[in-house]
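Asker: What Swiss-Prot lists as disulfide bond is 38-69, 40-62, 55-70. Per Swiss-Prot, signal peptide is recorded for 1-21, and the stated evidence type is sequence analysis.
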């Protein structure tokens with residue numbers, strides 16, 4: 001009975017380790033940017049990042065009408 005419990009606990013720990021590693025990899029890009037994509041002036045695709053509180057240091061506004069769409 002004790003052996004089955006230990007096997008069950010080890011499998012559960014291994015499962016949690018794998019799930020947490022997959023979750024980190026899936027959210028890595030979102031955590032790096034922490035903003036939403038937006039379209040800069042003169043670009044045909046979403047090349048900028050919309051920041052809630054303005055452009056962070058090292059970034060500049062790339063849309064005349066919206067100061068929160070920024071490019072690095």
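Any Cβ shown, glycine's included, is placed from N, Cα and C.
Note that the structure is a prediction, hence the values are computed from the model and not measured.
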Asker: Give the helix, strand or coil assignment DSSP yields for residue 38 (disulfide bond).
Answerer: strand
Asker: What count of other C-beta atoms do you get within 10 angstroms of the C-beta of residue 55 (disulfide bond), across all chains shown?
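Answerer: Its Cβ has 19 other Cβ atoms within 10 Å.
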Asker: With Cβ-Cβ distance below 8 Å and at least 6 positions apart along the chain, what are the contacts of residue 70 (disulfide bond)? List them in sequence order.
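Answerer: Listed in sequence order, they are 35, 48, 49, 50, 51, 54, 55, 56, 59, 60, 61, 62.
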Asker: At a 10 Å cut-off from the C-beta of residue 40 (disulfide bond), count the other C-beta atoms across all protein chains.
Answerer: 18
Asker: Note down the number of other Cβ atoms within 10 Å of the Cβ of residue 69 (disulfide bond), including every protein chain shown.
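Answerer: I count 24 other Cβ atoms within 10 Å of it.
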